[in-house]
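Enquirer: The annotation domain 'XdhC- CoxI' is assigned in TrEMBL to A:15-76. Annotation source TrEMBL lists domain 'XdhC Rossmann' at A:105-250.
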Number of protein chains: 2
Amino acid sequence: MTDTPSLYEELRDRIRADQPTGLCTIIDGPNIGAKLLIAPDRASRGTLGNPELDRIVTRDSLAELEAGRSGVRHYGPQGQTTPEDLIDTDTVSVFVESFAAAPQLWIFGAVDFTAALAKVAKVLGYRVLVCDAREVFATRRRFPMADEVMVSWPMPVFVERGAELGPRDAVCVLTHDPKFDVPAVMGALTTRVGYIGVMGSRTTHAKRMERLTEAGLTDPNEIDRLMSPIGLDIGARTPEETAISICAEIIARRTGRKTPSLRDGSGAIHSAQ
Amino acid sequence: MTDTPSLYEELRDRIRADQPTGLCTIIDGPNIGAKLLIAPDRASRGTLGNPELDRIVTRDSLAELEAGRSGVRHYGPQGQTTPEDLIDTDTVSVFVESFAAAPQLWIFGAVDFTAALAKVAKVLGYRVLVCDAREVFATRRRFPMADEVMVSWPMPVFVERGAELGPRDAVCVLTHDPKFDVPAVMGALTTRVGYIGVMGSRTTHAKRMERLTEAGLTDPNEIDRLMSPIGLDIGARTPEETAISICAEIIARRTGRKTPSLRDGSGAIHSAQ
């Protein structure tokens with residue numbers, strides 16, 4: 001581990017420059033203390049003592065870094081990702097420390113779906129903001145699982161804080177009120193946010209697109225950023241199932257998978273009983 | 001509401017016969033006290049005062065019943081499912097009371113993915129059982145979110161309690177240990193469980209299929225019940241993302257959607273970094 005000091009120097013520099021970085025350290029098993037420094041935009045540095053272990057830990061820690069999450073992961077000596085050999089062979093425990101803010105999910109609309117979506121997003125490590133203009137609905141009591149509940153129209157939020165949003169973040173517009181959803185979508189489009197989902201039936205979606213066109217949304221590249229109707233086509237009905245379909249779409253969109261979204265289908269979203 | 005007494009009679013009979021049933025009652029808005037009795041295997045009885053509202057509440061309450069969950073849902077007067085008109089018009093609050101046990105998820109293998117899957121499944125309303133033969137891993141301290149943690153080999157669990165499992169339930173086999181996963185899969189196949197997912201890379205899956213064939217699994221209809229590799233193809237990497245992909249597949253499989261599963265694809269599950 002002769003290069004540990006320079007590895008820490010690079011870590012220090014990256015933290016100071018606010019660049020997301022992960023430090024992986026073997027805390028149990030062979031090579032205790034061995035380190036790997038990872039970053040989304042460059043090759044990893046250091047080694048845990050096995051190239052395949054390095055490769056797997058790099059992959060996993062980049063995902064942890066995207067979620068802004070730290071914790072201990074367990075591997076086989078060659079990076080096996082589930083402890084199939086835990087009884088018969090050595091296990092390597094790796095502390096993955098992420099130096100990055102948690103990704104954000106901004107939910108516009110304090111409706112029945114909002115609490116379910118906030119709950120599932122919290123499991124994924126998101127910082128969740130709920131925003132609605134109606135103060136009787138946007139209350140901490142209704143959304144105890146959210147990190148922040150705001151009573152506001154959408155535009156001021158995007159004007160003041162839109163710069164916080166980047167490719168790892170998501171905006172979901174769950175209200176069907178044109179007074180609220182049109183500015184929420186237009187606001188989200190001014191940011192670099194990686195996912196914009198808009199809830200509604202295909203009929204609602206068609207009417208909303210008319211209003212968005214009137215509001216100035218005509219660029220096909222911009223329109224392509226809207227995932228609407230929101231969510232993967234898994235037949236979700238309850239708020240909780242819908243939350244799963246939305247989070248699955250957020251993941252698929254970020255990883256570039258072509259798993260069918262409701263947006264790319266046709267017909268009613270809910271099948272008839 | 002002249003038929004309310006006979007509606008309660010039917011409810012009583014269904015509860016006594018252990019048949020899943022939901023009772024929907026308007027608790028706020030027009031027609032307070034109006035009732036609708038729903039069941040998966042027959043037309044709904046009673047009315048909430050509007051045919052479209054009846055249709056939507058029937059749809060939602062059947063889904064709630066599947067999750068064994070009770071609670072208040074809010075609708076527009078014609079069954080609008082999000083409160084877009086909450087400010088300008090009356091809202092109907094409906095108490096949906098489900099008379100059915102929660103669906104069950106049995107997870108075999110107390111590994112890193114287990115806790116994440118248990119957490120997401122709890123949001124969906126599942127009763128979660130975690131089972132592993134290794135008592136150092138199958139502990140309540142590691143899985144506080146599970147309803148039950150068992151130290152056992154798989155077969156005794158299926159012999160003693162397999163009859164509890166039906167189409168609403170799910171079995172996920174997350175260990176890669178042949179001593180454990182082969183009997184867990186064979187045990188699950190003896191039940192009526194609606195979803196059987198088995199974790200592993202395509203290589204692990206191929207080797208496992210060889211062992212399952214040796215164990216007597218040759219019927220194509222039985223093989224078709226196995227979702228392996230487990231989960232929808234959304235590019236999941238972390239345990240939490242994998243949990244989302246599994247729960248999305250459980251929902252899609254139950255609703256009959258053809259959303260691509262990892263099972264039906266090819267190539268590596270994780271893309272190269």
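Using N, Cα and C of the backbone, Cβ positions are placed for all residues, glycine too.
TrEMBL labels come from automatic prediction, so no person has curated them.
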Enquirer: Report the DSSP secondary-structure composition of the domain 'XdhC Rossmann' (A:105-250) as helix, strand and coil residue counts.
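Expert: Tallied per class, the domain 'XdhC Rossmann' (A:105-250) gives 64 helix, 25 strand, 57 coil.
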Enquirer: Using DSSP, what's the helix, strand and coil tally for the domain 'XdhC- CoxI' (A:15-76)?
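Expert: The composition, in the requested order, is 19 helix, 23 strand, 20 coil.
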Enquirer: Can you work out the mean pLDDT of the predicted model over the domain 'XdhC Rossmann' (A:105-250)?
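Expert: Computed over the domain 'XdhC Rossmann' (A:105-250), the mean pLDDT is 94 on the 0 to 100 scale.
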